[in-house]
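**Q** Supplied in structure tokens, the structure appears directly below.
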Amino acid sequence: MSKEAAPSTSKNNCDCGNNCKDVAQQMSLDKRTGRGNTNSGLTHECGVFGCIGVGEWPTTLEISQIICWGLVALQHRGQESAGIVTSEGQCVKSFNIVKGMGMISNIFNDEAIRKLKGSIGIGHTRYSTSAASEEVNCQPFVVHTQHGALAVAHNGELVNCDSLRKMVLERGVGLSTHSDSELITQALCLNPPEGESDGPDWPARIKHLMTLAPLSYSLVVMLKDKIYAVRDTYGNRPLCLGKILPYNEPLDGDCDESREALGWVVSSESCGFLSIGAQYVREVFPGEIIEMSKSGIKTIDIVKNEEIRSLAFCIFEYVYFARADSIFEGQMVFEARMQCGRQLAIEHPVEADIVSSVPESGNAAAHGFSRQCGIRFAEVLCKNRYVGRSFIQPSNRLRQLSVAKKFGALAGSVKGKRVILIDDSIVRGNTIGPIIKLLRNAGAREVHVRIASPPLLYPCYMGINIPTREELIANKMNAEELAKHVGADSLAYLSVEGLLKAVRSDIKTKNGETKAGHCTACLTGVYPGGAGPNVYDW
């Protein structure tokens, strides 16, 4: 990020106008160099997964295969690299490890799965945030301590990475990468301030880390015979629990504690639970430390942060990142996206013949928009799922066509029609223009663009590749100017208030001690931990 693009760190000169203390001042802007190099859209976060068999070991569960399938369900969160680490529960010195670059299906073949023996394991699928896309940065990270091997998988990005790195290095710990995930792993090897009298106190070490690093992370930490599931005190990154049941038992409905578990899983999202025979139980609470062993699961502690006025769950999980069949805060993502579409139709109605979407993340919002305004939904774009990356773009014409080649227009649906086109977000504005031209070439009479999220105005420092402010098109053009720029007859965004209303319309919080809250930093410039008042807090 250039200095001109950086949000102000002055308490009295904040871009959001609320005198907030931007967490960016705790970070090195250099760690973002090279990020945001994609031509369009947002790059996803990482996904973490863990599985453990209960009862006598060796377990009858195919742990490595379950983790592999769980990671496949999280593939949308990262496609650069993946890894699985397993333990047979006996040896403290070594784990079984398979990691590599690329997609999960290319890394975990039959030979790799056979190598990953064990009754317990964790996995990770990665998109790089704070370190380069290289094999040395593949997770889970494994270190060998004087008490045995330790493996860690991390989703998120530490906002105070530099100060924590300095502290770890001053303790004499060497670091082999620039990854904040390795930094977390090494920080867990430090003794807690109160000391340890009888071997390592891993919960105390985890609590110590949580005091050192306020956000952003969801972690799975594996020892030879235990997994610790950890979520930061702001609840910024998602993490949930699932219970593996016998094959013939139903998986719907609320979790029945009387039903005996074959094993337990923890995952960034719940979308893969049904495919591995697991029942969704609940989310890991913000600040919670859960211990998973062959005896079952138990909450070790829920760490409180007295400075938190509101939780800060990333609202873009609802808008874009999560798979539509995942559950957050007691509601399915698909339903929340439909509500965004309904609210968008209330805020920005327009006369048209059909409502459609940019597949696939705009689909649910388009259905909600259609139902609210009474204009029928029709598919107008056919997505080509086999488009490879374009490495060389020698001309502007080819750059524009490279976007259009991802889609085909259904001319029979659009010819002579006034079309309302719903998309989930606009980042750089490189994608929507070629799509509109494609629809006009197919005979569309009018194209009205409606965006089911507010304008993106600020970068994210917590694990999402939202680029610098100067790259975000909403900082260069208002909606009317952008409509003219991309060739739309009209263009409108959902308001921040409308997004929050839609997302919170059906929330069912099970952690009654803390009110719900969402991070809207990329939309408002108010970052978690800011000193100024956030009008969107509950």
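First residue shown is number 1, and so on along the chain.
Glycine too: its Cβ is placed from the backbone N, Cα and C atoms.
The active site, nucleophile annotation in TrEMBL covers Cys46. The domain 'Glutamine amidotransferase type-2' annotation in TrEMBL covers 46-295. Positions annotated as [4Fe-4S] cluster binding site by TrEMBL: Cys314, Cys460, Cys519, Cys522. Here TrEMBL flags Ser361, Asp423, Asp424 as Mg(2+) binding site.
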**Q** Round to a whole number and give the Cα-to-Cα distance in Å for the pair Cys519 ([4Fe-4S] cluster binding site) and Ser361 (Mg(2+) binding site).
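**A** Just about 20 Å between their Cα atoms.
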**Q** Go through Cys314, Cys522, the listed binding-site residues, and name the one with the sparsest Cβ surroundings, counting other Cβ atoms within 10 Å.
**A** Cys522
**Q** Measuring Cα to Cα, how many angstrom lie between Asp423 (Mg(2+) binding site) and Cys314 ([4Fe-4S] cluster binding site)?
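**A** Pair distance, Cα basis, whole Å: 19 Å.
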**Q** For Asp424 (Mg(2+) binding site), just count the other CB atoms lying within 10 A of its CB, please.
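**A** 27, counting other Cβ atoms within 10 Å of Asp424 (Mg(2+) binding site).
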**Q** Counting distance between Cα atoms, which of the binding-site residues Ser361, Asp424, Cys460 is nearest the residue listed as 'active site, nucleophile'?
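**A** Nearest in space to the residue listed as 'active site, nucleophile', counting only the binding-site residues, is Cys460.
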**Q** Determine the minimum-neighbour residue: among Cys46, Cys460, Cys519, listed as recorded positions, which Cβ has the fewest other Cβ atoms within 10 angstroms?
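**A** Comparing Cβ neighbour counts within 10 Å for the recorded positions Cys46, Cys460, Cys519 gives Cys460.
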